[in-house]
Amino acid sequence: MRIMKRPNILLTGTPGVGKTTLGKELAERTGLTYVNVGDLAQEDQLFDGFDEEYQCPILDEDKVVDELEDKMTDGGVIVDYHGCDFFPERWFHIVFVLRTDNTNLYNRLESRGYTGKKLQDNVQCEIFQTIYEEAMEAYKEEIVHQLPSNNPEDLERNLEQIMNWIEQWMKDNN
Ligand code: ADP
Ligand code: MG
């Protein structure tokens with residue numbers, strides 16, 4: 001049996017923009033494999049030190065890359081993480097940076113329990129479009145796309161858009 005080639009998709013953006021919501025639903029509808037890098041690091045303890053200021057463990061980026069390499073080579077993976085500059089460029093066929101309006105994001109992060117500097121810094125990260133710029137630096141500009149992620153209509157539109165792209169990619173590459 002010939003195995004169909006399937007694309008690898010990166011979903012990135014500031015915490016709270018909706019990466020996990022979109023990624024899990026997309027995996028459900030397409031059968032692609034969803035990987036949440038934060039959860040993976042937690043489960044397999046892929047950390048290197050502790051950030052005192054933010055009171056959280058620091059990701060061991062090299063260990064994450066090593067751990068994911070084989071899966072990424074096989075293809076058909078949706079990766080979800082709030083950073084993107086340490087993944088090998090060759091892994092991804094397309095990169096989506098989710099974007100959310102400030103007030104909306106503030107409310108989501110507050111209801112997630114974020115307060116003080118953590119809340120401020122994350123909202124600022126979105127205002128300064130830090131992750132979008134990181135993605136534009138790390139990947140070819142033509143594969144980086146911003147997606148609005150403010151309401152359920154946006155979610156549905158994003159799902160349909162990505163599923164159409166996957167379908168076309170599969171036609172072109174198999
Ligand atoms: P991330 O994984 O980027 O941190 P989540 O997927 O956990 O973000 O979403 C953060 C919060 O925003 C959740 O409460 C989720 O239900 C909500 N959310 C995500 N996407 C949307 C959307 N398109 N419209 C409305 N709420 C959303
Ligand atoms: Mg998430």
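Residue 1 is the first one shown; counting continues down the chain.
From the backbone N, Cα and C atoms, a Cβ is placed for every residue, glycine too.
No curator has checked TrEMBL annotations; they are predicted automatically.
Copied from TrEMBL, the annotated features are:
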BINDING   GLY16, GLY18, LYS19, THR20, THR21, ARG112  ATP binding site
REGION    36-59  region 'NMPbind'
REGION    111-121  region 'LID'
Non-site residues, in chain order, whose CB comes within 8 A of the mean position of the CB atoms of GLY16, GLY18, LYS19, THR20, THR21, ARG112 at ATP: PRO15, VAL17, LEU22, LEU98, ARG108
Averaged pLDDT score, the region 'LID' (111-121): 95
Annotated binding-site residues GLY16, LYS19, THR21, ARG112, filtered by Cβ under 6 Å to ligand 1: GLY16, LYS19, THR21
Most crowded position, judged by CB atoms within 10 A, among LYS19, ARG112 as binding-site residues: LYS19
Under 8 Å by Cβ from GLY16 (ATP binding site), same chain, sequence gap 6 or more: THR100, LEU105, ARG108, LEU109, ARG112, ASN122
Nonlocal residues around GLY18 (ATP binding site), in sequence order (Cβ under 8 Å, 6 or more apart): LEU98, THR100, SER149, LEU155
In sequence order, those binding-site residues of GLY18, LYS19, THR21 whose CB lies under 6 Å from ligand 2: LYS19
